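Here is the structure we will look at.
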Amino acid sequence: MFKNKLKFLKEQSKDKYGSANFYRVILLVIAYFYFVSGLFYYNIPTGADPIPLAHRGFIIFLSIILFIISYFNDWLKRRLETASYLIVYSVLAHLAYITYFYSFQYNLAVALIGSMIIANLFFKGNQVLLYCNVALALFVGLTLLLAEELSISFRLYYFAFYLSSAAFTSIVSYQKFKTRQQLDKLNQEQKILLNNTDTQIWYLKDYDSYGKVNQAHADFLGYEKEEIENKKLADVLSFEEAKICRKGNKKVFEDKKKNKSEEWVKNHRGERRLLSIRKIPKINEQNEVEFVVCSAEDITKKRQGKKN
């Protein structure tokens, strides 16, 4: 149940901020912004358009092309988040360049905007960040208001640059923060379940090395979990047991198939117990085994009951 819940939550988080559709919308918004703001300057007598037509055309073309190709190219679809970030910050850098080219008094405003972007991306979910963004908005507005020889349209243009970057970084970082909180909470719930069951569970990083283990497996072997995790089998098991386990583990890693076996293993009291062990390999996109998840049930009493 919790495995399905984790999968569902990850899918939900993708729908919220990590899905391809979210970043496609960002690309369309960028194209729309450059197109509409261009119409504004070409149709309303507020002065010359500060952005050359070639610049507008290139960014609109690039955004639309990436939007279209993302539906047909799996490589781009997997990297659409990175591409979107690059496009967004390229747009912000381009607008900053335009303000510099037209000799705006931008130094303080740029420093404030840079501080805001860094704060939004690194201090996720902090309520103080909201007040910081409001304060920075006031400072940027004041800086532009006091700038000399700057038309109202350019003041508004620069302030829109600030608001767009603030909104983008705040929303994305906050959504990631909330999703991470949910995943951390669910991971904690899973740890509680894993460490309060009689079933032994662990995973193997390779055929000869432990990864993580649950409390039942640690108790069976008579160790603390930390004494087993990331250790070689021979550091935990006897020489013969480690040899048998390595052989079975190697087969799973090489065959890349599920495996079920019954093995006699000594517990921490030296008692031989019959364990029913399942090993399930996790295959990555390159068709290689990333790790193997193992579970074990003590069936000693069950076997003895059958004999009697």
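Heads up, the Cβ atoms here are built off N, Cα and C, so glycines get one too.
Automatic, uncurated: that is what TrEMBL annotation is.
The domain 'PAS' annotation in TrEMBL covers 212-301. TrEMBL lists 21-41, 53-71, 83-100, 106-123, 128-147, 159-177 with the feature transmembrane segment.
For the domain 'PAS' (212-301), DSSP puts the residue distribution at 33 helix, 33 strand, 24 coil. Panel annotation: around the transmembrane segment (21-41), residues 15, 47-51, 53, 56, 59-60, 63-64, 66-67, 70, 80-81, 83-84, 87-88, 91, 157, 164, 168 of the same chain, lying at least six beyond its termini, place a Cβ under 8 Å from a Cβ of the stretch.
For the domain 'PAS' (212-301), the mean pLDDT of the prediction comes to 90.
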